[in-house]
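As structure tokens, the structure follows; a few thoughts come after it.
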Amino acid sequence: MRDRRRSTGRDSPAPGEGTPMTGPGHEHEHDMPAHDMPAGRGVPAASAAPREGAMEREQFALWEDRTRISLTPIAAPSILGLFGLAGAFMMVGAWQADWYGSALTPLVLFPFVLTFGGLAQFLAGMWSYRARDGLATAVHGMWGAFWIGWGLLFLLVSVGAYPLALVPRIGVTNQGFAFWFIALCVITGVCALAAMGKNLAMSAVLWPLAAGAGFTAAGFWAGSTWPIRVGGWLFVIAAGIAVYTAAALMLENSFGRTILPLFAFRGGQNIPGRRARRPLEYRYGEPGVKIGQ
């Protein structure tokens, strides 16, 4: 031991003895780059550990001196995405269920559907990439693109640039248009299954959407009216649940605690007044970064 001390130029403390800089229980100083140390001091500045529990304190101690991240805060994209989805399905679903309107009603609806249900929702899907929420990216990206396509279709019809014989009409066979909903049904069903691992509110939005797309596809495939009417009812139900889910996310963001439960599998997210989630992702080595929404 004496030879090793002489070769390093300084005495090494005995195990468990520590040094004046580290205190008992540490055998060496923290190895940190110079740019990570506060100016004028040789050790990193102490931070207050979170009060989330033993696991958070342990993860805080592990990462506090090692990770530096520049944050780009982002609001939950699904607030806008779900409101856009709900707005489009509320209007088109009610028309499809024969609650109001005529064959010309889509020509009145398409500007709002194209911009709010389509463009705004599609942008929410792209912003979900930054939130690292794969489910929201798929749902809002897919349905936003669908409503953009639906709006463009009736925009072309309104200016006389689309053959009237090919315009989708309830009760008339249109197998090409039916395939739009076949693809939507399959992918939305997969998303609904994935949402069950996140929270039941999002899953409750997607199951009626998948079923409604399936009934609508069957109606246009066979030229039958009643499946399309059933699909319209299911779309309106999904729109109502989407409004609830978006409101729950927005109220949580505004008040900093759960107001409306999302029926998640983490208990705190279901109890009004409780904090909805751990704010810091220590387990991924990224304190201060929230994964998901």
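Numbering starts at 1 and runs along the chain as it is shown here.
In case you wondered, yes, glycine gets a Cβ from its N, Cα and C as well.
Database features, via TrEMBL:
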- 25-34: compositional bias 'Basic and acidic residues' (COMPBIAS)
- 1-50: region 'Disordered' (REGION)
- 74-95: transmembrane segment (TRANSMEM)
- 107-129: transmembrane segment (TRANSMEM)
- 141-165: transmembrane segment (TRANSMEM)
- 177-197: transmembrane segment (TRANSMEM)
- 204-224: transmembrane segment (TRANSMEM)
- 230-251: transmembrane segment (TRANSMEM)
The transmembrane segment (141-165) versus listed stretches 107-129, 177-197, 204-224, 230-251: most Cβ pairs under 8 Å: 107-129
Highest-contact recorded stretch vs the transmembrane segment (230-251), from 74-95, 107-129, 204-224, CB pairs under 8 Å: 74-95
Within-chain partners of the transmembrane segment (204-224) [C-beta distance under 8 Å, separation at least 6 from its ends]: 82, 85, 89, 93, 96, 139, 143, 168, 170-175, 177-182, 184-185, 188-189, 191-192, 195, 230-235, 237-238, 241-242, 245, 263
